[in-house]
């Protein structure tokens, strides 16, 4: 515990001093694992936006493209996943078991295996348990700076000092520290040292999945809700990957369970995400293997947070209404010629916050559901968490006033324009009224209390 406290003190000194400030990086492609693009929710933001490898503060303002020159940004909501974190205690225990197997049971002549057995050390400790790492601090600082460059009229020193930028976060330490990091990115950019800016902790909004009884009972704590996931783990594709790992390490097939294979994959992913290291753990997998493990993860997210069950997305009704009520308030203030009181809202949560909301809005909905038997048919699926939900993933909604009562809403995912499903004919900046019309059923219904109530079966007589 003392070791981790010391690490946290060092983290705090670096964080508060702004030691790791904004910088330009030039990353050697040879140091990026070939399987990095398949790391699902353990992936780096740079794999989604590769141009950031050369300049971490690069933005392309041409992506905004309002239909008229007179369009003015009047509000921005950013829903952001926390930055890169340490593995959870559960993951670390599985990694330790794998490492022990490598040390005591594995054999072979490969140089990378020798490196794992003689040089690599298991440095992850259980008290790290999902805490934000320095890379995560930097990600949120840099995201803040990039958004201020993309939307300078909204994310400005004047708006921040005036109290027009609000911050909301999940209570989890990685989210609170991500929120602090985002704020630090702005205060360091504008050299603000004479004032601090508050944030509100709101788990009802940012951890709605913990508050939804029906979701907890029917999906989260119900093994039958994820039978497709378990079937795939026992299926031929995953068995091939596990047996290949066993052959490489010269251990019995029974030693390499799905959890062991996943732990090895995560070690490759975490070493790269946290330390920017192309770890010898990555040598256990080629791209075909990585695609199988990525699909297993996507299956889990599909059935536990995505389209697999209706309550997965309906649990986010409370966040959906929060976002649109703020947009409506902004639209009303703007129409009356009043000062918009909340120009920017930054809400920091989890992958489990973003994915249900994206699902509720209809994004990444393939024509066929993900199942245990259609891996080969889903190679071109849009539901791919490696693309959707890296660390620091973000959904940004920008409201524009284009004159004459013409309000438009632009969605961006991970700083790239996306199109509201069902509004493709209006490109990436549809009329706000058309968006409201498109989601009218959700806006008129989608009540969190009603959706999350556990419906009991009537007793048999």
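Note: Cβ is positioned from N, Cα and C throughout, glycine not excepted.
Please treat TrEMBL annotations as automatic predictions, because they have not gone through curation.
Annotated features, as they stand in TrEMBL:
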DISULFID  71-402  disulfide bond
DISULFID  268-282  disulfide bond
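If you take the C-beta of residue 268 (disulfide bond) and look for same-chain residues 6 or more apart in sequence within under 8 angstroms, you find 33, 35, 279, 281, 282, 284, 285.
In this view, residue 282 (disulfide bond) is surrounded by 23 other Cβ atoms within 10 Å of its Cβ, with every protein chain counted. There are 19 other Cβ atoms within 10 Å of the Cβ belonging to residue 71 (disulfide bond).
Residue 402 (disulfide bond) has a Cβ environment of 18 other Cβ atoms inside 10 Å.
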